[in-house]
Amino acid sequence: MQLINVIKSSGVSQSFDPQKIIKVLSWAAEGTSVDPYELYENIKSYLRDGMTTDDIQTIVIKAAANSISVEEPDYQYVAARCLMFALRKHVYGQYEPRSFIDHISYCVNAGKYDPELLSKYSAEEITFLESKIKHERDMEFTYSGAMQLKEKYLVKDKTTGQIYETPQFAFMTIGMALHQDEPVDRLKHVIRFYEAVSTRQISLPTPIMAGCRTPTRQFSSCVVIEAGDSLKSINKASASIVEYISKRAGIGINVGMIRAEGSKIGMGEVRHTGVIPFWKHFQTAVKSCSQGGIRGGAATAYYPIWHLEVENLLVLKNNKGVEENRIRHMDYGVQLNDLMMERFGKNDYITLFSPHEMGGELYYSYFKDQDRFRELYEAAEKDPNIRKKRIKARELFELLMTERSGTARIYVQFIDNTNNYTPFIREKAPIRQSNLCCEIAIPTNDVNSPDAEIGLCTLSAFVLDNFDWQDQDKINELAEVQVRALDNLLDYQGYPVPEAEKAKKRRNLGVGVTNYAAWLASNFASYEDANDLTHELFERLQYGLIKASIKLAKEKGPSEYYSDTRWSRGELPIDWYNKKIDQIAAPKYVCDWSALREDLKLFGIRNSTLSALMPCESSSQVSNSTNGYEPPRGPVSVKESKEGSFNQVVPNIEHNIDLYDYTWKLAKKGNKPYLTQVAIMLKWVCQSASANTYYDPQIFPKGKVPMSIMIDDMLYGWYYGIKNFYYHNTRDGSGTDDYEIETPKADDCAACKL
């Protein structure tokens, strides 16, 4: 190799010394199977005279990242260490971080950190916390995790791209912000939080990871807003959407109350224009702001299947029609109940009505009281004075499934499952919608009513396989960390609209899981045979969460709306779950529910809800985990970043590659193994799950998924208590389906996912 000169960051030119780069590569490859000399040989040909040291670092990182494969998975650690090495140099001008107090002061003065980090904590406390920071954990990320942190989570100037922190400082300052007002054992709580996050035993959502410690104070992952049937309500809902979209939130909108086209307004002097113009208004609100400077917002709109305009509403997202009769930039949730399922089963008719009929009582009883709804619905069918349309249930269900399969993003919500298998008392706090990603099930109320309520939920997740799942003390500890931190967040954050402040009275949390597929593989189990294993795991997790919330209630008091919940009656998930689950997982318990019930009766509970099963697409990269409870597409997923694409391999690939259930192999066995596990999880989970379906047309005659198969899956999920169906995934046969190619989707949002 000819002699070349390199330019240092100081601007000084000096002769290139191969030993310096080999020394860094040897350090980065330590403890891995990667040969640093072999990596250097791959890099050599890219070196040019006059290159900067930054250019060389970029070449090293890219060469290592491009080498990540099933055969050479350790390159993901080498690439990550090289990236972190470069990041340290950029942030601090040297490899060693500056002192913690200097770091916080610098970021506060730059307007990047919340000044309360300095006013609420003394210099002595900050120095003590610094002694607990383990910067070497920056070198334990995979390349995918390191890139996710660098591009998405670490505090930066979005104009210049300057990054202000490294991961361990970020994790500790998030903990400091969340626990700053703890009156007792504050530092202990901060350190426990830091340990759980930095060892990747728990995972945090994008709003907390990117925003908590900064002057921004809106971290609720999921926002659910209910629009009524008046212009004032519609406009107020739209204004609320704009406020929350601008704060990075994903939106669920209940639009089902808006009356149908041609309905009377007032004394009949005006005929209603129908829902489509108003839904377009909501779409404009959703797309009006970028999410914290990232991209346009995202929303899912919910409505009942018996809405008089349903035939026009089901097709809103497809590529047929014209702009005037399509609203393609929102997703839709179609709400079914047991009566609708019964009509389908009997090959009967469904009668469509405008939801304002019967003074709105028909609509509200749909969620509040299923017996009353049946009574009113059947009376309305017989009433000649009420406008209606009859349609064969099978015809309507087939239209629903056709649009769901064609767009992938027409979701289904089973309203009776949602309201019957929940901590909320149905007649007191009915649930009338879900959120953007279908995992949230909490009460809302018309934003223009006297009892207006915007529902908020904050998320986190247990990272399965990163702790001993049968060590109940460990689970209890991780549950305590998450419940306390998320509960504190409710008081720490701001509320852009007053209707959302009831979040502090309900105190809804949604703790989920990620890395379930890797956990199955490590336990030599599959989606087909893990019923009892999943039952025990989720019993343990939910027990830990309930125990943590009771402990917090003893310390700080129960939620103000405690009386709206079954907890207030001394009930537990073992009391209110769908008993059909006993057919697939025997009700055998490993935790002491009797003792927990006594504590519940004695102290109450701090949080109305504690758990939800969300997608974990973003944070799964940081924690090096499989996405939520989904099967991975294949051993390798292809991630896209600003610096190009790169591979991520499944956890423990060197040992477990053949033990995983991969998506399309599992799909050949149908959706029931996957749906069975989700149903068992939901026996325990307070809220809902973003349950997906997967279809490979190649395995069916003529390469087309039969309608009967799709409807059978829906019936199976409903029967066993599943509350929502999320994405409808179809294998396209391109050959890339065995790889998870992840690019940002249009009309998507990271906020209500992890």
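Every residue gets a Cβ built from N, Cα and C, even glycine.
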From CYS222, CYS289, CYS686, partner that Swiss-Prot gives for the disulfide involving CYS457: CYS222
Per Swiss-Prot, THR206, SER221, CYS222, ASN435, LEU436, CYS437, CYS438, GLU439, PRO615, CYS616, GLU617, SER618, SER619 bind substrate; matching candidate in GLY250, GLY455, GLY644: GLY250
Secondary-structure category, per DSSP, in which THR206 (substrate binding site) falls: helix
SER618 (substrate binding site): secondary structure state under DSSP, collapsed to three categories: coil
ASP229 (site 'Allosteric effector binding') and ARG259 (site 'Allosteric effector binding'), Cα-Cα, nearest whole angstrom: 6
Arithmetic mean of per-residue pLDDT over the domain 'ATP-cone' (4-93): 94
Max pairwise CA distance, angstrom, over record-listed substrate binders THR206, SER221, CYS222, GLY250, ASN435, LEU436, CYS437, CYS438, GLU439, PRO615, CYS616, GLU617, SER618, SER619: 19
Nearest recorded site to CYS222 (substrate binding site) by CA-CA distance, among recorded positions ASP229, CYS437, CYS457, TYR726, TYR727: CYS457
Between TYR726 (site 'Important for electron transfer') and GLU439 (active site, proton acceptor), the C-alpha gap once rounded to whole angstrom: 9
Where ASP229 (site 'Allosteric effector binding') falls in three-state DSSP terms: coil
